[in-house]
Structures are given as structure tokens and as C-alpha cells.
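The NADP(+) binding site annotation in Swiss-Prot covers 62 and is backed by sequence analysis. According to Swiss-Prot, the FMN binding site annotation covers 144, 145, 146, 307, 322, 323, 324, 325, 326, 349, on the basis of sequence analysis.
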């Protein structure tokens, strides 16, 4: 398996499976080493304050079992930093290594997954994993295709956050739609910050959030699931990040976000709305702002990126999140060993929607991508000393 690393200078590598301990419990090793998720973060500068509590705060946002709308599966997602940080919680410049042990290694939930190992679960990666890895694929809890894999990303994203915080760059994500119930349009950064995590689904529109929550309760009773939309805003990103051809900033961010299993669509700024506008309406008008001493834009339909390069305005992204594929309603599928068409009812613990737990994963991946782009941009400018310095002020 390849493709477990993201980034060029600020590089994140993850490994581990959802329920690795289920295989290793009979080995003569301590229970703590049965299995878990690991994140290795390379390119972390020295001198950054980084505590396990700081990383844990991010992990707790996506941890299951916190509310009645979550899967009831209990995982502490407790993180341990085992390298790259000294006793004073200051980074050394060496790779930061983190492990999140699997608490749940043998229970009814895992046993049910084992009983389904021969069949393809609709909407999941079972069939494609069979085609690519055959009988050797980890088929308990979807292995590397499991949503639990994202816990390692969130841990790595917390490291990126610790660095970005020193630069005044903030990334915030929130739910704007659940199963067709939409929050108000154009939620501002200020509104999102003021109402951040004020309800179980992290929707800044507090009134619409009530409708969304009731819908999720109804869907959960049915044993079904629904999708939705998550929006991400990055504030404080300087102009100049990204490359103009194959490595456009929006391409890097799309790579980061579309690598999350449940994400099925993405748009920046006005996105598909540009198809309904004239050029005179679509264009963001630039002007010199004396108060800030730099060029600003009267609107932000571009979503903070022009020509593949950040323009200094808020970067705004929306992603489409598909329904949780594992549901309790009987579904038709295929037994890959007998090649029989069968019907299976997946009575395992699942979320009625992934949206309330995926937003911290979106935050993490955007932070990782932005910090990597920032490193590249700063390195490029450092060796381009013949560029007129006045442009740096704008």
C-alpha cells in the first residue's frame, strides 16, 4: 500500500488500523501494544510549544460516543507523543511521533464486523479492497478505509495548528447543511467563531441547528443515515501561497480534503455559483486599503485564491459529505468468497451522519496543506531576493 504520506516539506505519514488489537490479542505482548493509529509529522520547526493536552483537545472533537447523535462506540482516542518533543513540551525539530492506542479490541461491535468479512458492505471500500489486496485485506472495520483512520490526521493537524497559531493563521470548520436542511447563507468567520461548538453538530446557525438535530434523531431511529455540507474558513493566510500551474493552492487543498473518505465534492468561494454569474458579477474588485496598507477585494467570490495563489482574503471552502455507508437497514450485496448475491443487515454501531465528527478532520487537513504551502512559499521568496520588496507590503 502506498499513498500514506501527505505534504512536501511539512509531511504527515499515518499508519494503523481501526481494530488491529483484534488480531494481536493472543500475541505475547503488552495489551497497550496491541494496535492503534500512528502519525509521524516531519518538518516541525524547533521551539514550538506542543503538549499532549493540546493535541487531545483536537482529537476530542471527533471522538465517538460524546452525544446521542454519535455512534455509541467508546474510544478514548488518547494520544501519546513519543518523539520530537522534550520534557518542557517544546519541539526539537525532529519528527513528532504520536500514537493513539485502540481501546476497543474485542467486543460485540468487532465480532459483528468479523462476521461480515466475506461480504461487500455497500457504499464502502470492501469491493475495491478485495480487487486490490485480495484475501489479505484488513476486512474488520474497513481497515485503512475506516473513518477511524482520520484520528491520526487530526493529531497531525494539531501539530500544524500549533505552528500556524504562532503566525496568526486560523482555520475553522462547521456544518451548514444536513439532509437538505440548510443554515443561513454566507456565515461569517465572526459568527462561526462566536457559535463554535455550541451544539452537538457544530452549526453556527443555532435555530437551523435545532431542525438538523431533530432530523438526525429521526434518521437514527430509522436505522438509516444522511449526508450534508461542511464549510471551512481559513483566516490570516498571507497572499502568495500556491503555484500557478499544477500545484495551485486550491488543487493542494482539494487533494487534502478529497483524501478524506466521506468527502464526495468540493467548491471554493462561489464555486458552482460562478456558472450563473456574468464576468462583471463574478470578478472580485481590488482596491488599496489605507487602513491595512495592502490591496484588498470588495467581494470574495474567488474564495481567497486567484490564479492558484492565495490573495490574502479568507479562504472559503465547502465540501459535500456522503451518508454513513454502514446502516442498520437490510441491504443487498455480494459474498466475495461464494459469489452469491445475499442480503445482510449490518447491526453495528454507526453515526446517523458523519458531518458532526468530520469537521475537525477538515480543519486538520486544511491546516496541514496550508502550512506545507507556506513553507514552500517562504523558501521560494528567500531565494528570490531580486523581487521588488514593496510587493511584500501589499
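Glycine is no exception: its Cβ is also placed from the backbone N, Cα and C atoms.
Projection of Swiss-Prot feature records onto the structure.
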residue	record	DSSP class
62	NADP(+) binding site	helix
144	FMN binding site	helix
322	FMN binding site	coil
Fill in: Between residue 62 (NADP(+) binding site) and residue 326 (FMN binding site): CA-CA distance (Å)
18
Discussion item. With the cut-off set at 10 Å between Cβ atoms, which of these binding-site residues ends up with the most neighbours? Options: 62, 144, 322.
Written reply: 62
Worksheet item: Far apart in sequence but close in space: which same-chain residues, 6 or more away, have a Cβ under 8 Å from residue 146 (FMN binding site)?
Response: 17, 18
Worksheet item: How many Å lie between the Cα of residue 322 (FMN binding site) and the Cα of residue 62 (NADP(+) binding site)?
Response: 17
Worksheet item: Do any residues at least six apart in sequence from residue 324 (FMN binding site), in the same chain, have a Cβ closer than 8 Å to its Cβ, and if so which, in order?
Response: 225, 262, 350, 351, 352, 353, 354
Fill in: Alpha-carbon distance [residue 144 (FMN binding site); residue 62 (NADP(+) binding site)] in Å
17
